[in-house]
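Undergrad: Pasting a structure here, questions to come.
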Amino acid sequence: MKGREPNLVLALVPLIILIGAAAMSIFYWDAGMFIPLISGIIAACIVGKILGYQWDDLQKSLSDGVSKALPAVFILFIIGTIIGTWILSGVIPTLIYYGLAIVNPTFFVPLVCLVTGVVSLILGSSFTSIATVGLAFIAIGQGMDFPLPLVAGAVISGAYFGDKLSPLSDTTNVAPAMVGENLFDHVRHMLWDTIPAFVCSIVLYWIVGLNYVSTAASLEKIGVIMQGLEAQFFIHPLLFVVPIFTLFLMLKQYPAIPSLLLIAVLGGVTAMLVQGSNLTEVVQAMTSGYVSGSGIDEIDSLLSNGGINSMLSTIGLIIIATALGGVLEATGVFKTIVSTIVSRIRSVGSLILSTILSTFIVAFASGAQFLAIILPARGFLQSYKKFGLSPLNLSRSVEAAGTVGINLVPWGVPAVFAASVLGVPAIEFIPFIFFAFLVPLINIIFGYTGFSIKRIPATSSLQNTKEKIK
């Protein structure tokens, strides 16, 4: 049965309950995001019943929402095995060891952002970048006495710089497809907001990082950590072959899931050949993660990581968040909110601002990147054509908030994943994701100043865009 569309007040009820419960859970109950998300689902289903939907309809919408997350769920399972085998094989310990040996603390934090950005640009995957070089940088940062939330923020900023610009990234492909534009035209148009935001982020990380540069005490601590790594693993530059092979697979554009499976297996084989591990230890690392027993807290807390089991909580949150997004989409909640915002647009500046605001609303309600990109892209396309603007402005705006800005949502899929892998609570590292603040802000400034806003000839018709989408 098809229900009626909600009015604005009814559409806002699930979002208000979700955000209110999330605030209570994060700041008072310290109970995580499961209960707030479930509360949001209950509220959304009640709204659906009020609108005339049957339970079977609502249950199907929940299932449809979850089904969209299944590829990400499989990838998270595999990333868990990669982390476990890369630690067991000595790959991540080797990255940490040489990082501690050669990195100058004065430039450490901006270097974290820059290197992670380059790796992510090549891989086209923020998740893989965070789980590999990002995890190594967290360990190096701890060895140098840098605040882990700051280092995590730099890792995430770099990871989503690459994710935003890489032609291999799924979100970078989805955004232009939704508005009927060419992928590489979309990437070129994003350079206007992405490069300035990234450069400013690196400068900010350098300025903030200077306040935490330690002295001789830190050097002594670094020496202890390096000795502990040497005692526990065989450290050798040849272990860099594994991450180099990973870059090769991604550059060849092989499918993500088979490539990641191969990388996990390669980590296991390397552990057996180089570190002398047996098959049982490899399987245990893939399942339960690696358990470090060096006796050095800084090493043990970070290297006791990985495995499929470590991803279960993250996957649970993703399933619940995407289920909520499914029911909110099916009952017309998102459509009502976006339509209300669109009806009040009077200028190009307010159009860009409204696009980013709507994308953030979907991101906060669903926690899912794809929904945060797809729904506003569909809802605002007509308005951009009405104002004589190229759809490239729309695809850039939804990426600004949907790909990058969503990291500011503590229960969003990207933040939950990063918190799980890096071992830093999302609420602590979010203030340091400078890139996620700057990209949406720069787009809003562009909207009101007209800078880099691409227009189309007045004679162009909407039919051109429709034909591209077909």
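Yeah, the Cβs are placed from backbone N, Cα and C, and that goes for glycine too.
Below are the features I grabbed from TrEMBL:
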- 158-451: domain 'Na+/H+ antiporter NhaC-like C-terminal' (DOMAIN)
- 33-52: transmembrane segment (TRANSMEM)
- 73-100: transmembrane segment (TRANSMEM)
- 106-139: transmembrane segment (TRANSMEM)
- 195-213: transmembrane segment (TRANSMEM)
- 233-251: transmembrane segment (TRANSMEM)
- 257-274: transmembrane segment (TRANSMEM)
- 311-331: transmembrane segment (TRANSMEM)
- 351-377: transmembrane segment (TRANSMEM)
- 398-423: transmembrane segment (TRANSMEM)
- 429-451: transmembrane segment (TRANSMEM)
Undergrad: Do the transmembrane segment (398-423) and the transmembrane segment (233-251) come close, with at least three CB pairs under 8 A (pairs 6 or more apart in sequence)?
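TA: Stretch pair does not touch.
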Undergrad: Take the domain 'Na+/H+ antiporter NhaC-like C-terminal' (158-451) and average the pLDDT across it for me.
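TA: Across the residues of the domain 'Na+/H+ antiporter NhaC-like C-terminal' (158-451) the model's pLDDT averages 86 on the 0 to 100 scale.
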Undergrad: List, by number or range, the same-chain residues at least 6 past the transmembrane segment (429-451) whose CB is under 8 A from its CB atoms?
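TA: Sequence-distant neighbours of the transmembrane segment (429-451): 113, 148-150, 152-154, 156-158, 160-161, 164, 192-194, 196-198, 200-201, 204-205, 208, 348-353, 356, 360, 396-397, 400-401, 404-405, 407-408, 410, 415, 418-419, 422.
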Undergrad: Who are the long-range neighbours of the transmembrane segment (195-213) in its own chain, taking Cβ under 8 Å and residues 6 or more past its ends?
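TA: 105-110, 112-114, 117, 145-147, 150, 154, 157, 161, 432, 434-435, 438-439, 442.
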